[in-house]
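Beneath this line is the structure, given in structure tokens, with notes to follow.
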Amino acid sequence: MITAAALAAEVNNPLLPHWYELIVGGFAFFVVLFVVGRILTPRIQKTLAERTDAIEGGLKRAEEVQDEAKRTLESYRAQLAEARHEAARLREEAREQGAQIKAELRTEAEAEARRITEQARAQIDAERQAAFAQLRAEIGRLSTDLASRIVGESLEDEARQRRIVDRFLEELEGAGSGAVR
Amino acid sequence: MSTLTLLASGDEFKAPGLELFEFPPIINGVPWFTKPVLVAILSTVIVLIFTWSAFAKPKLVPRGMQNLGEMGYTFVRDQVARPFLGKDADRWMGLLLSLFFLIWIWNLMGVIPGIQFPVVSHIAFPFVLAISIYILKLYLGFKHQGFFGYFKNMMFPPGLPKPIYLLLAPIEFLSNMIVAPFTHAVRLFANMFAGHIILAFFSLVGFWFLFENLTPLGAPLGVLGVLMTIGMTVFEMFIQFLQAFLFAMLAAMYIGNSLHPEH
């Protein structure tokens with residue numbers, strides 16, 4: 001009991017602060033308050049705000065880019081459709097044009113062929129006429145020569161001579177008309 | 001440990017008491033430089049180093065210490081500042097964060113091997129913090145509500161029947177002006193004080209019955225003491241965190257009430 005009393009007298013009341021601890025505690029608190037509260041907290045607050053900003057800004061930017069991409073895709077699709085349509089139209093046009101050209105060429109070629117045929121026929125006709133006229137004279141002379149030689153008499157009378165020849169030729173013509181044709 | 005061994009030198013077991021909190025000066029002739037003062041300064045330096053390495057050059061993408069610091073910051077912001085201060089939260093984060101970190105590290109010294117002294121178990125430390133908050137609370141109250149307005153809002157909240165004020169006014173005055181700062185300091189102090197005694201008691205039980213005075217009957221008690229010391233250390237670490245949180249939360253509540261009267 002005596003020792004307990006002595007001990008109680010010796011130790012301080014734990015509810016009574018030591019003056020030097022008040023000073024040290026106050027000093028420590030205000031140093032921490034200055035460094036953490038004044039210097040460091042604004043820095044981390046700024047960084048946190050920037051981070052929020054960056055994340056929000058990033059999301060917004062991504063959204064914008066996506067919208068832009070969608071718009072571009074849309075426009076590309078429209079252009080592609082238009083191009084396809086245009087190509088189909090051109091192809092159709094080309095086919096029509098080709099057909100037209102072919103038809104034109106054919107008519108032209110046919111006309112040309114006809115013209116050439118006509119020309120050839122006309123030429124043949126003329127040549128035949130010429131040959132015929134020439135032959136007629138030649139045959140007349142040859143026949144009279146031949147006849148005079150065979151008969152032995154001179155057929156000087158022109159009129160008679162021609163009559164005879166003509167008659168002879170008509171007979172000839174009547175016989176060979178199919179062959180000349 | 002030296003105190004404990006000294007205590008246990010007698011023949012019979014004696015539970016540790018107030019002498020746990022008595023320390024001789026570390027250097028002879030410098031009476032103020034004792035272990036509590038040394039530990040207080042040391043843990044303050046630890047707080048400064050930790051916060052500096054976490055927040056000095058904050059990055060958008062946090063790494064290492066900044067992650068840890070930001071956990072503390074967002075905890076104080078979301079659990080302490082915003083519920084009580086609302087849109088004023090950011091303005092008071094510096095004070096609340098300082099309080100929370102400083103008190104937590106001071107408390108944590110109670111379980112750091114080799115140091116094992118919770119700074120706030122000496123009442124001067126919580127006292128100086130509580131007084132600072134008390135002065136700030138009165139200053140803000142007078143500034144935002146006016147001198148008389150502050151007391152009027154405190155003692156005569158509107159919307160009560162007249163006779164009630166006879167009872168309420170003195171109670172409110174007492175509780176806000178005298179009891180609040182006292183309990184603010186003493187709650188923190190007493191928790192750490194009692195926690196330190198409990199830890200010292202159980203470790204002394206273990207030490208006494210297993211080393212100083214080993215007997216077949218006493219040995220199981222010693223083992224129990226060691227197990228309890230381990231369990232209570234874990235519990236104590238939780239209390240240390242909780243008290244730091246609570247002190248900062250009460251500070252936020254007082255500041256919030258001074259900025260905007262409750263009713």
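Any Cβ shown, glycine's included, is placed from N, Cα and C.
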Report summary line: Per TrEMBL, the transmembrane segment among B:17-36, B:37-56 spans residues B:37-56
Requested in this report: May I ask for the residues of the chain that lie six or more residues beyond the transmembrane segment (B:92-117) and have a Cβ under 8 Å from a Cβ within it?
Outcome: 35-36, 39-40, 42-44, 46-47, 50-51, 72-73, 76-77, 80-81, 85, 125, 129, 133, 136, 188, 192, 195-196, 199, 233, 236-237, 240-241, 243-245, 247-248, 251-252, 255
Report summary line: The answer for the transmembrane segment (B:163-182), taking Cβ pairs under 8 Å and residues 6+ beyond its ends, is 130-131, 133-134, 151, 154-157, 254
